[in-house]
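Enquirer: Handing you a structure now.
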Amino acid sequence: MASVAYEKMSASQLSNVTALDWTATDSALDSFLSSAAASCLPTNATCLTTANGNNNITAAMTQHQPPFSDAVTAILALLITVVILMTVFGNLLVIVAFWQTKTLQTTSNYFLMNLAVADLMIGLLAMPLYAPYILTGVWPLGHSMCVTWLALDYCFCSASTLNIMAISLDRYRCVTQAVKYKLHNSKNTTYFQMGLVWIIAFLLYGPAIVSWEHAAGRRLIPPGKCFVPFHDNFPFTFTASLVEFFTPFVSVSFFYYKVYKEIRQRAKAKQERKEEYRAFQTSLRKRGGRASSNPDEIPSSLAPEMTTMTTLVSSSSSTGATSHRPLRARKKPSFDHMGRELRVAKTLAIVVVVFAICWSPFTIFTLIRTLCSSCIGDELYEVAFWLLWLNSTVNPIVYAAFHTQFRSAFQSLICQCCRKTFLAGENDPVETERNYKPGVSVVREERTEFRIDEQT
């Protein structure tokens, strides 16, 4: 999301720029850019052609002082390249893992894939096109490309936040309304929700970016610069921020709290039943392993399981040894299921925290600068801007670190690619074929483990 360019100019310069009527006369435009363009007649409409626009941008780039020294520019270029590569590679890995691993293609994970698509577009289009701008201080691609890039960038960033909210809502429904969720949550419903995310993301900023200058009747973005034309409009910026950041953040926090509360209640109930079982087990041992014939003495919450337990204890007591290992085997899947839900809640919490850290500085600074352009320094604002984009870089790392199935799928894909690369360098095709077949079976074995983990 880009609205950083106007901070390169002072408040007085910016007010002068926005006060100009770019469509009135070309002499006003040329006098603002450089005196070298004085040969352009005020009445000559061809001065606004693409060729002349490129000349104006070239002149601006020639006269513009680079914002950084050569050493700092080289370091920033290296860092930006690393961030772009990490963003593209990580999100592309999520998408490939999702489509190649059948067990990952659940309705919940479709939203993760949709999020990865939005983040991938940020890494492929938003970051690379902005990199020359931040390094040189001049937008070299022209006004039309600037408007297009702004619309796409804001759409991708908005889609990313809305997908995070959709993920949290999906997890909330899955945990708190499990039966209803399984009955009514079809793939068609998921596809509709995914499409709705992209429609809302585009409508939030796209029409405003495209039509704002037309509605104003004048050009608000000078040549060589690229920023949203509504950067100084507080009502619109505040309303858009409510939809794009504050509403998703509050919603995600609320859904996570409800999920965490539900999981704690279930864990507490499981623990209480476990303690009742232990108390009843102790009572049986005191009686010498003989179960009471009175069913009222068996806790009602344990009655269905105690029928099996009584049989096990009675039959094993005849051999002189009492073993409760089968009972532990019966109860383990339940606690494993609770463990998985706790891991989901933990992952959701980390996503919320990362989302808040990455988005809140830029959103707050943007609102402040609409009211006071000099209250936030350019360097601090630029850091907050790139911190927002880093959310797209971090999201795949969060999934790899805390989502067991995605992590295993990532490892399988990376190992498979490395194996193919290594085998491609072998000279003996027979040896290559012989070495390659076990690799395929390894991948299939790991995918089988996913299904076992799902069932438990």
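Placement of Cβ uses the backbone N, Cα and C atoms for every residue, glycine included.
If you look up TrEMBL, you'll see 90-399 marked as domain 'G-protein coupled receptors family 1 profile'. Taken from TrEMBL, the feature transmembrane segment covers 71-99, 111-135, 147-169, 190-210, 236-257, 348-371, 383-402.
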Enquirer: So, do the transmembrane segment (383-402) and the transmembrane segment (236-257) meet, by the test of 3 or more Cβ pairs under 8 Å (sequence gap 6 or more)?
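Expert: Output no: the transmembrane segment (383-402) is apart from the transmembrane segment (236-257).
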Enquirer: Considering only the recorded stretches 71-99, 147-169, 236-257, 348-371, state which has the highest number of Cβ pairs under 8 Å to the transmembrane segment (111-135).
Expert: 71-99
Enquirer: Going along the chain, which residues at least six beyond the ends of the transmembrane segment (348-371) come within the CB cut-off of under 8 Å?
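Expert: For the transmembrane segment (348-371), the list is 1, 3, 7, 161, 164, 167-168, 171, 231-234, 237-238, 241, 244-246, 248-249, 252-253, 255-256, 259-260, 380-381, 383-385, 387-388, 390-391, 394-395, 398, 402.
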Enquirer: Average pLDDT across the domain 'G-protein coupled receptors family 1 profile' (90-399)?
Expert: 81
